[in-house]
Structure formats: C-alpha cells, structure tokens
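Database features (Swiss-Prot):
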DOMAIN    24-64  domain 'Chitin-binding type-1 1'
MOD_RES   GLN24  pyrrolidone carboxylic acid
BINDING   GLN24, SER42, ILE43, TRP44, GLY45, TRP46, CYS47, GLY48, ASP49, SER50, GLU51, PRO52, TYR53  substrate binding site
DISULFID  CYS26-CYS41  disulfide bond
DISULFID  CYS35-CYS47  disulfide bond
DISULFID  CYS40-CYS54  disulfide bond
DISULFID  CYS58-CYS62  disulfide bond
DOMAIN    69-111  domain 'Chitin-binding type-1 2'
BINDING   HIS70  Zn(2+) 1 binding site
DISULFID  CYS72-CYS87  disulfide bond
DISULFID  CYS81-CYS93  disulfide bond
DISULFID  CYS86-CYS100  disulfide bond
BINDING   HIS90  Zn(2+) 2 binding site
DISULFID  CYS105-CYS109  disulfide bond
REGION    113-128  region 'Spacer'
CARBOHYD  ASN123  N-linked glycosylation site
REGION    129-372  region 'Chitinase'
Amino acid sequence: MMMRFLSAVVIMSSAMAVGLVSAQRCGSQGGGGTCPALWCCSIWGWCGDSEPYCGRTCENKCWSGERSDHRCGAAVGNPPCGQDRCCSVHGWCGGGNDYCSGSKCQYRCSSSVRGPRVALSGNSTANSIGNVVVTEPLFDQMFSHRKDCPSQGFYSYHSFLVAAESFPAFGTIGDVATRKREVAAFLAHISQATSGERSDVENPHAWGLCHINTTTVTENDFCTSSDWPCAAGKKYSPRGPIQLTHNFNYGLAGQAIGEDLIQNPDLVEKDPIISFKTALWFWMSQHDNKPSCHDIVLNANSAANRIPNKGVIGNIISRAFGHDDFAVRSSSIGFYKRYCDMLGVSYGHDLKYWFDNTPSSEFQRIQMRVAA
C-alpha cells in the first residue's frame, strides 16, 4: 500500500528555514493553550520550534529532558533532544550536519526540514486525526463488522486515537489529501492482516479488524532470536492489527511503547491501545536503518534518490511466508481504494505499479528482520 504518489518535500519559506513558527498562542501569555507535539511555548505566548521558543526564553515544552540513551523519534515517543541538538532520521540525538541538516534530520532541525510539519488544530495528534481525517462515524462505517466478527469490538475508535497520540507524525504530515492517503494505506494493511481472508462474502473489503490472533493453527512459539530471551511458556505468535510476530519484534515494540511484551506478549491481544501501538510502532519505525513505512508513503527519502519500490520495501519486510500472490494483492488494493473513496481522496499515481511490484501482503504475517 506504500505508494509512489505523494508530493516532493515542500521547500519552506525563508522565514521558516531556521525553525517553524505558528500563529498558535500558548502558556500564561496565550490564554493557557498548549502547543502541538514537538513545538515549544515561549515566554511571550507563541508556539514555535526554534531557539527563541525552545531555549532560554521558553516557558514550557522546552528543549530539555533528552533521554539518557540519546534515542529520539517516533519509535520512542518523539522525546526532545537537548539545545542545539537534533533528532536524526536514524533516531539518535546529536549535533552537526549528520543529525541536523536536510534529509538527515527528523526534527529539531537547524536548517531545512524533511517535510511539511503541520500545526495541529487541537492539542493532540489524535484530535487532528479525528477531526480532519477519520471521524468516529466514518471509522464505524469502515469497520462495520468489527463488533459481530471474532474480534468482538476489540478494535475501538477510541483505542486507535489514544494509540496514535504516541506517534504524533502519523497522519499529520503534509496536506489533507496526503494525510488521508497515509491513514488509508495504514488501515488497508491492518485490514488485510486481520480480515481472515474473507473472500467468500459479498463485500470482503468491509471485514477489516475482524481477528486479533492468527487464524493459522500452529504450535510454533516464534522464539527465534537469542537477543531477546523468551519467557517460559509464552508464545510470540501473530497478534494485533499488524499481526506482530517473533520475540525480537515483541521485544523491540515493547521497548518503544514502554511495555514488557517479552514477559507479557498477551497484552497485544488483551489491551486494544497496546495492540494499536504495536501496529503504529511498526509503521512509523525504521528497521536496520531502512526508511519506515511512514517515510516511504510520504516519499520522504526521495532526497537520497531512493525510489520507494519493491527493493526498498523488500528490505524492510521479508518474504518468509511467501504470500506475494495476486489474490492477496488484489485484496489489499481493494481495502485501500475503499478507504480512499470513503475519505474522499484520490488513490494517487502508479497504483498498479505498487500492487504488482510490492510484496505488501507480508504485512499479514510480519517477519521483518530488525536489529536487536
């Protein structure tokens, strides 16, 4: 579903080259309002992301509190980096061009930015997604069978929005059409993974989010990596919207969202917020220094002349299960087109290319090899 349809990185105006500024008021001088994710509130009551807003004249959400391990980015909740330090595309805080310039920088950048960052209309990413992209009535229409199929309403709209708050870049980058396409692509992938492959029903693309656990009966415990010692008696089988699989993926996902999923892998099938977070973690995270699905959808790595094609995506998602067949591709594209139609947005360019050349169905049984 990750498609070559999105616009090139927007060239920011000279006024924004040293930091993004919004007309949004905040703090004690701005009526008590708060700034969007990754922005700071100055003592004068305005939101921005440069030194005057986040440094010595900052009132709240300031440049401070860099993690002791110096990690940053969506995989760890987008924590701040210290003053004069930036978050690189590989998820580390640091200074200099390797962290702060152009396509190498993820946020807190010193010169250019990798893509348009949008000041949210409310106080949270969830508020933005809910108000601008997917409303609750529309979500219920998209997944009209989720309450009467095996998942029994487990995947709620509220859980989706709460989980999205931990990944503020999801569905908030670019214009409204771009944001809608990213959400449509994400929802299409998790729908394909959880549909139970209902090809025998009248409208199979209305049956997303129907399963929590894998529908394949197996005794495999998926304890495949010595880097993440498995808990006694636990299985790391496919669970949740993205069908998270293998102990190393449970370990890394849990580390990113602050849950011990090695000791408690069942949380992915019992807590819907955690379940959605694991899917968003996979979507937003870079694996083995490859671009994330989010980046590929946004064509964020175009500056490095890396066309998001089968080769790039294939480096992120392995083909171990061999589900790259026409029927699954057709089902995936069907979900995507249905959601785009419901969101009132075009499909984008080169749709046939993407589904003929991208093993998108591997999202159905996640097997990505990531560094522990």
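A Cβ is built for glycine as well, from the same backbone N, Cα and C atoms used for every other residue.
Features recorded in Swiss-Prot, as mapped to the structure shown.
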{"residue": "GLN24", "record": "pyrrolidone carboxylic acid", "DSSP class": "strand"}
{"residue": "GLY45", "record": "substrate binding site", "DSSP class": "coil"}
{"residue": "TYR53", "record": "substrate binding site", "DSSP class": "helix"}
{"residue": "CYS58", "record": "disulfide bond", "DSSP class": "strand"}
{"residue": "HIS70", "record": "Zn(2+) 1 binding site", "DSSP class": "coil"}
{"residue": "CYS87", "record": "disulfide bond", "DSSP class": "strand"}
{"residue": "CYS93", "record": "disulfide bond", "DSSP class": "strand"}
{"residue": "CYS100", "record": "disulfide bond", "DSSP class": "helix"}
DSSP state at CYS105 (disulfide bond), helix/strand/coil:
strand
Is CYS40 (disulfide bond) helix, strand or coil when read with DSSP?
strand
Recorded positions GLY45, CYS47, TYR53, CYS58, CYS62: which have a Cα within 10 Å of CYS109 (disulfide bond)?
none
Integer Å distance between the CA atoms belonging to CYS58 (disulfide bond) and HIS90 (Zn(2+) 2 binding site):
27
For the residue listed as 'Zn(2+) 1 binding site' and CYS93 (disulfide bond), determine the Cα separation and express it in whole Å.
5
Which of the listed disulfide-bonded residues (CYS87, CYS100) has the least company, meaning the fewest other Cβ atoms within 10 Å of its Cβ?
CYS100
Please report the distance from the Cα of CYS105 (disulfide bond) to the Cα of TYR53 (substrate binding site), rounded to the nearest angstrom.
19
Consider the recorded positions GLN24, CYS72, CYS86, CYS93, CYS100 and say which one has the Cα lying nearest the Cα of TYR53 (substrate binding site).
GLN24
